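Per Swiss-Prot, the feature compositional bias 'Low complexity' maps to 14-23. The annotation region 'Disordered' is assigned in Swiss-Prot to 1-37. Annotation comment: Swiss-Prot describes 67-99 as repeat 'HAT 1'. Summarising the annotation, Swiss-Prot assigns repeat 'HAT 2' to 101-135. Positions annotated as repeat 'HAT 3' by Swiss-Prot: 149-181. Residues annotated as repeat 'HAT 4' in Swiss-Prot: 192-225. Annotation source Swiss-Prot lists repeat 'HAT 5' at 262-298. If you look up Swiss-Prot, you'll see 307-339 marked as repeat 'HAT 6'. As annotated by Swiss-Prot, repeat 'HAT 7' applies to 513-548.
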Amino acid sequence: MSGNETPDAGTVKSVSPSSGGSSLPARPTLRERDPNDIENRLRDQIEEDPTQILLYIELIKYYVGKQQVAEIREVFGQLHELFPLESFLWTIHLNWELEQEESGQVETLLAKCLSGELMNNDIYLWSTYLGYVRRKNNTVTGGEEARGTVLKAYELVMEKCAVFEPRSMQFWQDYLQFLEQWKPVSKWEEQSRVEILRKLYKRLLCLPVESLERYWEKYTQWEQEVNQLTARKFIGELSASYMNARSLYQEWSNLTKGLRRSLPTKLNQATQQNLPAPGQYDEYQLQIWTKWIQWELDNKLDLPEVVLRQRVEYVHRQAVQHMCFAPEIWYNYAMFVDENEHEKVLEIAVRCNPGSLSLTFKLAEYLELNNKIEALEERFQHCIARISMELQVMNDTTMDPDKILRQTRKLTFAYCVYMTTMKRVTGLSAARKVFSKCRKLKKDISYEIYVENAYMEYYNNSDVTTPCRVLEFGLKYFQDNGNYINKYLDFLILVKQDAQIKSLFESCIDKIYNLDQLKEIYKKVINYESKFGNLNNVYELERRFFEKFPEAEKIEVFTDRYQLQGENLLKRLEFPYLMDEYGIPVLSGYAVKRSLHSAGIVFDDNGSSKRQRQEQTEAVPMEIIELLKVLPKRQYFKTIVLDPHKLADFLSDKVTIPPCD
């Protein structure tokens, strides 16, 4: 079977981990394949994980071994379609075509990747272009015309890229060497060479680039050799700019210390270790890129607005190349470009990150504003398809329930936003179709879709029948989920369904095993009955509550009943020592004593309490301030590293501080 054919349904295993009644998509990698069918096994993997660059590279290497040139170009084409701004992929492709000595293919690729809408900007890609120009224009045989062509190419690369790239030493070295190797045949040519060299040195020595000291020494020596009488004048004119550039480079170097920018430029260099992988990016690297971009925006070089934007755009392009699977990098880039470019950048971003919610939602907003409803629907469907496939793979391969739950909620969230968006742009009927499709996933979605749909139905029609039916249907899958029951109760309280509130409470309390969730449900119903029922029912509910939770503080439950707009004012106003410094209730034991102390309440020798006046807070030590400065921002952590509530509970219950002597 050729690489372009799609296997029919008969080639899929009849029994697989993915086929157990789930409505999630079937996994292509579970198709029956000959173990030796490397080509189609790789294509199945690509279909299942279409942004895994390594798989494409392995397939290309397979075709290289088979000398299947057309297939190699086809796979490279797929890569460029998915990752049009990944300059290193264009460089790998160009270097392979150069090895085949295919000038026509090389020129076509160069025109495609260095101009127009897909214009890349990377020093290694431009260096490949320069190498090709020099190969085609031999200055020994081509003379002045060939030299002129090469000089134009160097000037182009300098203006487009090298002046923005701090790590561009090789370019400047090659350019200077090319000019130094020029052997003038007349005084006019010699004068031209000197002027071009001086102009180049002036440009270089005003830029924050690496090895600047070396170039400065080389420049001063060159000026002395050209003309000792004028050397001091030219060197003096450039000295201040050089000192500033050197200082700025050192500042940039310190700021970006630890930044990794190593990507392969040839096919045989590409490995799993040096290729970007979907779902994997280093938050620390992301933080450094963000700092670099901000440093450029601060305009330390005092550039005109137009040049500044070009420079910042260059850094953004570098960032999205090295962090192409980090949605934040793409979002920031999309918000930086001109308004008419937002949609185009986001389109490219979601090709690299088809399952990114933030990028999908932002692109959907622009599509909605431009009335591109069909494209909007396709975007949501592509995002949901990608997340669904990732969830199916997780179901088959991981034993971590937290990862599966996270992915399930991600899929549900995508459906929720898709549903509400369709309600906004086309109406209730389209939104109901989305909900109908989503609920077929049964346990592969989380409860939020039922809650979201219920509120949508209610606010659209002010009718409680349909939303209550929706929430009742959700009980089929989430009757033991305390969070769902809590949300269900919130809705019933909103729409004043007293009988259903009591019925739901009585039917669920024996099915919920999470005691924290069950406690919240009890408190919610007690609070409701306290405000809208009668006191006898409140006392009966409290009796049942304390039978279930005998360790609970009675004053805690009592004050909870008198909450006003969700705030426990009774505790805050009359029992502030029962709350910690952040306003979080503290229940019992040593935690209460600590809270009394933090609230400024101490006990005298007779046991009576008195409030201390808090004097000025002690100054924070400088060591702590310095530590806080270098800590990464909280948004760079995908999960909660330390739960403060659990830590507080642990310290309260398990740690005993010995009394002072």
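One is the number of the first residue shown, and numbering goes on along the chain from there.
Cβ coordinates come from backbone N, Cα and C, glycine included.
Remark: secondary structure over the repeat 'HAT 7' (513-548) totals 32 helix, 0 strand, 4 coil, with classes taken from DSSP. Residue counts for the repeat 'HAT 2' (101-135) under DSSP (helix as H, G, I; strand as E, B; rest coil) come to 27 helix, 0 strand, 8 coil. Restricting the average to the repeat 'HAT 2' (101-135) gives a pLDDT of 94.
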